[in-house]
Amino acid sequence: MKSDLAIVILAAGRGTRMRSSTPKVLHNIAGLPMVAHVLRGAQLLKPCKTIVVFRDVRVEQYIRNTFPDVLTVAQSDALYGTGFGVFSAIPWIRSESYGNTYPNTRHESHAEYELDACDLDTCNPASDRLNDQESLKGGRHIHTKSGDVTNNKPFPSRVLILYADVPLVPFQLLEELVRKPLKQAVGAIVTTHLDNPKGYGRVMRDNLGSIAKIIEDSNILPEQSINEVNTGVGIFDTEYLQDALNKLLKCHIAHSPNQDCVTNQDCVTNQDCVTNQDCVTNQDCVTNQDCVPAAHTEAHVLSPKVIVTEQIHKKAESEHQHAGQWMCRQDTVGAQNTKEEMRLTDIVEYFYNNGLRVNSITTSDSELLLGVNNRVQLAKTEKILNDQIIKRWQLYGVTIKSPETTWIDSTVQLSEDVLILPGCILSGRTRIEEGAVIGPFATISDSFIGKNTIVKRAEIIDARIEEGAVIGPFAFIRPGTVIGKDSKVGTFVEIKQSNIGPESKVPHLSYIGDANIGSHVNIGAGNIFANYDGKLKHETCIDDGVKTGAGNVFVAPVKVGRGAYTGAGSVIRDDIEEGALSLTELKQKTIPKWAENRGDG
């Protein structure tokens, strides 16, 4: 049986504050793009479908290649705001396009949807279906002009909304949000409290505790001391969400003053409203009908429709002493939206003004729920995630001597009794088996490290180190290299695209490139494998049991037979047969008293 949950991940933000040519959600933290962390968490919830709303084609390409079961929907460059983002995904929530059925499906979304409610000119909530909760049960259908979406098919009843730039949302929190029944509510959002909420949308509640609206930071008055903020994570009933977005879109397109998007029943009568100058601040008034009498600012009169804090009450009473003066209503949906965008947060107020409840889950893990907008926040987020990763491995049985100087990607796999010394960086698809000692100051990426190996002050990239091998100090193991069991790669050795057999040694100051070295081989100090002729790379083959002298140069392609020896300083250009000794014979010439004759004294 399919899940009734769909997940929409918003990844269409421009990310200008990152000051980067790379899309914000593709910036890495702990080895993966931010959007990948969000998708991995989403998949654990086992939704019937996951939809990513994107703007940059590079985001789509990444998801196609990495998460083939995820649907991608393009948000038009002409449409701004999180509301438009979710609106773009609605048809594909309702369609039969499941990721596991239609992988790599890309859908264009340019607000071409036919709105089947009232015409724009008669957009009146008093007659709209949102004011008739019984009629809402039948739902409203939104479809594309292409006719891809079928109105009579079953579709997910709930939509979980996540943000691709909020990568640390705990799975336990998402699980609670999804499992907790909405009961009489149309949705639920996740909130948190911040000592300094600057920059985040504030959650305003009535004096019964119900969520009434979310106010953007730029619209908060100095008198409003609200530290409960919206994290952006929320779950909504699909039908109600679609209806709300339908209505908000119509009001947005019509460029109305937005007073039509709420009910006007809170005004005593329109004639009771006077002029905007009688409001607390003129800019807060959209129309006179949005005013309420200053004489009626007691909480029991305003609740639950009009949300005014105690600080505003006091200011109003001090500035408007005589009867008949008015205070500006603060609940006109979208009236304070200074940007040309449709915000998803406006649906909260829209629901409230139509008698529909939005629940909340409040968490103390505020640092895990804040978005990434710039490089400072990116670094902070990565540090938080790294601390979590280190703690998890410590609890699993890995000893990490210096958590403060150790960085481990989320994709790394460690085993029990691994010892990580200070200054190590483990990244990519690295896997380290039990008993290995890593560090100090080792960098390992996309590599396999076998049991009981030692890697000290070395860099290893896309390589395989078998059980019992010793690497370093100051060794550089490059891609395509395999170091055999119980082998040794010593100080200042670089190895690239080579196989080193079991119990072989490359102990000192050597470059090994494009080589196959057998077992029980000893490579003398200062050996160079000359593998490049200026156009092509060539291979050197060293058979089992070979011993090479110091300072050898092997000019590839060349083969050295089993058990052969080479003399110090030899340049090996030709193949050497099994068991032979090969020397580059240069007659030594000695000049007596040379230094004295030179005048060295």
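Cβ coordinates come from backbone N, Cα and C, glycine included.
Here Swiss-Prot has Ala525, Asn531, Tyr532 binding acetyl-CoA, and the candidate from Ala568, Ala580 in that same listed site is Ala568.
By neighbour count, meaning other C-beta atoms within 10 Å, the densest spot among the binding-site residues Asn373, Asn531 is Asn531.
Cα-Cα distance from Asn373 (Mg(2+) binding site) to Asn531 (acetyl-CoA binding site): 47 Å (rounded to the nearest whole number). Helix, strand and coil counts under DSSP for the region 'Linker' (376-396) come to 21 helix, 0 strand, 0 coil. Ranking the binding-site residues Asp165, Asn531, Tyr532, Ala568 by Cα distance from His508 (active site, proton acceptor) puts Ala568 first.
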